[in-house]
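Visitor: Let me begin by handing over the structure; questions about it come next.
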Amino acid sequence: MNSKSQQQEQQPIVFVTGTDTDVGKTFVSTLLVHKWKAAYWKPVQTGIESDQGDSETLKNFKIAASTWQPPIFTPTYALQKPLSPLQAMEYEPNVDIRLLDFVVPEEWSAENPLVVEGAGGVCVPITRKLEITTDLIKHLIETSGHPVYVVVVARSGLGTLNHTLLTWNHLCDNGLRSHLFGVILNGEPNEGNVQALKKFGVNIMAQVAQCTTAHDQDMELHELPSVESLMTQQDVE
C-alpha cells in the first residue's frame, strides 16, 4: 500500500484559519467539530488575561442538534496578552515558541478527525524566527503522519474578495493548493461574492450565518459537507 493510500484511510487533521481576526473561526470550528464528530485543538491561545480562550468557548457552545461531546485538547502555548503570538511573547520573555514544540496531542485517538484552529490569519507570526501560521501548517503536514487539510474562514460581506483572494493565493503560492478544502463564508449570505470568488478558482465549501435558534443550528450543520466528501473531492482534483 502506498503512502497516499495509507493517508486516505487515516482520519484527517483539518486546520481552520481565517482571512482576519474575529471572522468567526471558533464558531465555524464548533460547527465542523459537531458535523464531523471531530476532536479540537488550539495550538496557540493568546489573550487569556481577559478571555476564557477558544477551547472553553467551543466547549460551552451548545449545539441543540448534536449530542457529540468533542475531545478538547490543551493548547501547547497559552499567552496572556490579546496579541499575535510573537507580540504576546514580548510580555513573557521566558516563553520561546518553536515549531518543533507543536506535536499532535497524544490523547487524540485518531478515530475521528482533528480540527485545529489557528491564531488569526495565515501570515500571523508565531515564533521569534518570524515563522507564520503557514509554516505551522507545513510543519503538521511534515510531522503528523496524517493527511492535513485547510479550511479558510472569511467574512461574507464587503471587503471579503480582497482578503479572501490574498489568503487563498498565499496558501497556493506556498504549495498548499492540494491541501485546501475551501472557504467558508461567515455572515449574511452573499451570492454575488460567492460567484466572484469562484471565478478566481476559489472553492466555496459553504455559507454560514450566526445561529440564533436550534433550527438555525440544525440548518447550518446540514449545509456543511462531510469530511469524507471533501477528501474524495481533493483526491479527484
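A Cβ is built for glycine as well, from the same backbone N, Cα and C atoms used for every other residue.
These came from Swiss-Prot, pasted as-is:
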{"type": "BINDING", "residues": "22-27, 117-120, 184-185, 213-215, Glu220", "note": "ATP binding site"}
{"type": "BINDING", "residues": "Thr26, Glu117", "note": "Mg(2+) binding site"}
{"type": "ACT_SITE", "residues": "Lys42", "note": "active site"}
Visitor: Within a 10 Å radius around the Cβ, which one of these recorded positions has the most neighbouring Cβ atoms: Lys42, His215?
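Guide: Counting every other Cβ within 10 Å of each candidate, the maximum falls on Lys42.
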Visitor: By the count of other Cβ atoms within 10 Å, pick out the sparsest of the binding-site residues Asp22, Glu117.
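Guide: Least crowded of the binding-site residues Asp22, Glu117, by Cβ count within 10 Å, is Asp22.
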Visitor: Rank aside, I only need the closest one: which of the binding-site residues Asp22, Glu117, Ala119, Ile184 has its C-alpha nearest to that of Lys42 (active site)?
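Guide: When the Cα distances are compared, Glu117 comes out closest.
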Visitor: Does DSSP put Ile184 (ATP binding site) in a helix, in a strand, or in coil?
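Guide: SS state of Ile184 (ATP binding site) = strand.
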